[in-house]
């Protein structure tokens, strides 16, 4: 790893739950979950500790089901001010190792290390991981690779507190046997579309026909094939600062409509896209907005703060429904 770029992907493990265990040490070693509305059975689990996961609890499970799986589960509301403070300390520590740092969410980022002759990269990274744990009490997994894609894939391989080196020459033996859904950047809908093309393994994507990929996925199809071959020339960009104030989606219809059912289907589709982006960014929302633009270009908007942080499609749809009805009746 002493030639070319040395890129790390550092991912804090069970971040929200880990922070809560720092603030309340009595929670350590116990099954802990963070939920948008912990008092309601239909509230959704945002994240949970490894102790909770060992008992069958997982992200997006509703609180009622989680408590049936794990009766001793401790469910807490999110404290985003607390998480932002811990995140700031984490990234400040990483900056001590390199200024080429790109946060990509509140609890993960890419770091490009300077190349030092004779440096044992693994030992260097081990010391970094130890510092993050000893000084911040935050467990993390780290991927080491020559590019961002491989570093991200590597960091997911050993959790918690793992360190994995993934070189380009390892791709055929390590990545190719995996299903495409396990590949960073490929979600359920893309995986289903690839399956219809006869592509289920990363190896099949790596040798797929480029014309077919471009016809079905545009330029992103070619990028997926490059990544399946371990290729990714994206820079670690310190200017691409992670600072998401809002997450939204919109669409322009091919025809005018006043059909309530059709409009609800559109809201449902857009809410699903927003939920996917929130999940990818590891965020939840406390304000919902809906905007409608009429055929004569008049715009109507309703926005409302809500009591509990939400991030699932169903919760977003429920929160938007009443405001949509107000707009629809105007």
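Including glycine, each Cβ sits where the backbone N, Cα and C put it.
Per TrEMBL, the features are as follows:
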type: DOMAIN; residues: 7-187; note: domain 'UmuC'
type: BINDING; residues: 11, 107; note: Mg(2+) binding site
type: SITE; residues: 16; note: site 'Substrate discrimination'
type: ACT_SITE; residues: 108; note: active site
For residue 107 (Mg(2+) binding site): DSSP state (helix, strand, coil): coil
Alpha-carbon spacing, residue 108 (active site) to residue 11 (Mg(2+) binding site), which is rounded to whole Å: 4
Residues near residue 11 (Mg(2+) binding site) in space but at least six apart in sequence (CB under 8 A): 107, 108, 140, 141, 142, 143, 155, 156, 159
Neighbour tally for residue 107 (Mg(2+) binding site), based on other Cβ positions within 10 Å of its Cβ: 24
Nonlocal neighbours by CB distance (under 8 Å) for residue 16 (site 'Substrate discrimination'), same chain, sequence gap 6 or more: 34, 46, 47, 78, 83
